[in-house]
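*Asks:* This is the structure I have questions about; it appears just below.
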């Protein structure tokens, strides 16, 4: 099995913070990074071009959710930036997800966000008025994403096994909310797992933010998580 790299969440507000963070890493260490709303809205497409110029892969995490035509045209624009992965909200429906696939083309990986890892059972039922268990809701969205031709979903590692059962083993599961075993910091994430646990249940990608970006030695923290992530063969 090929060695996998954890995706580093670049949860910064500007380019200066990003460049300072990346200085902790050797230039030959090619990374897979996540650019979210805050950084993208602050710096725009130039941040994509900068990161790509360094040779890193990019997961552009904007979670598009709009009418199909708007999502299609937006994805067409994003495709020109050379991103490697992006996403939409599964709640937008099958037609919107199909439109996203059409706009993005077949190059980048396209994922659907199911339920955020910050969402609890109670919040989902009260705020979203979904009277299912979290895992049933996630699996429902995963099946709809597969129907729409997407490559996979973003979901908690706790739901990965069931997602693979309901779709297939090749359907990608990207899992945020990953925390090393020695950390007690849960922040706003409610459904979390360690890198090793995520690999055991079958996650294909993991996203790690603060345990790396806030570490005293970010590069060593990254290597430790990468080693744990690849421990299960």
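Placed from the backbone N, Cα and C atoms, the Cβ positions cover glycine too.
According to Swiss-Prot, the feature active site, proton donor maps to 63, an assignment based on sequence analysis. The substrate binding site feature in Swiss-Prot is assigned to 11, 34, 61-70, 117, 179, 189, 209-210; the stated evidence is sequence analysis.
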*Asks:* Give the helix, strand or coil assignment DSSP yields for residue 62 (substrate binding site).
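*Replies:* SS state of residue 62 (substrate binding site) = strand.
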*Asks:* Far apart in sequence but close in space: which same-chain residues, 6 or more away, have a Cβ under 8 Å from residue 68 (substrate binding site)?
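*Replies:* Residue 68 (substrate binding site) has long-range Cβ partners 95, 96, 98, 99.
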*Asks:* Residue 209 (substrate binding site) has how many other Cβ neighbours within 10 Å of its own Cβ?
*Replies:* 20
*Asks:* By a simple count, how many Cβ atoms lie within 10 Å of the Cβ of residue 65 (substrate binding site), its own Cβ left out?
*Replies:* 17
*Asks:* Please give me the CB contact count at 10 A for residue 62 (substrate binding site), counting all chains in the structure.
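*Replies:* The answer is 18.
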*Asks:* If one measures from the C-alpha of residue 209 (substrate binding site) to the C-alpha of residue 63 (active site, proton donor), what distance in angstrom results, rounded to a whole number?
*Replies:* 17
*Asks:* State the count of C-beta atoms found within 10 angstroms of the C-beta of residue 117 (substrate binding site), not counting that atom itself.
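*Replies:* Residue 117 (substrate binding site) is surrounded by 22 other Cβ atoms within 10 Å.
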*Asks:* Taking the Cβ of residue 11 (substrate binding site) as centre, how many other Cβ atoms lie within 10 Å?
*Replies:* 18
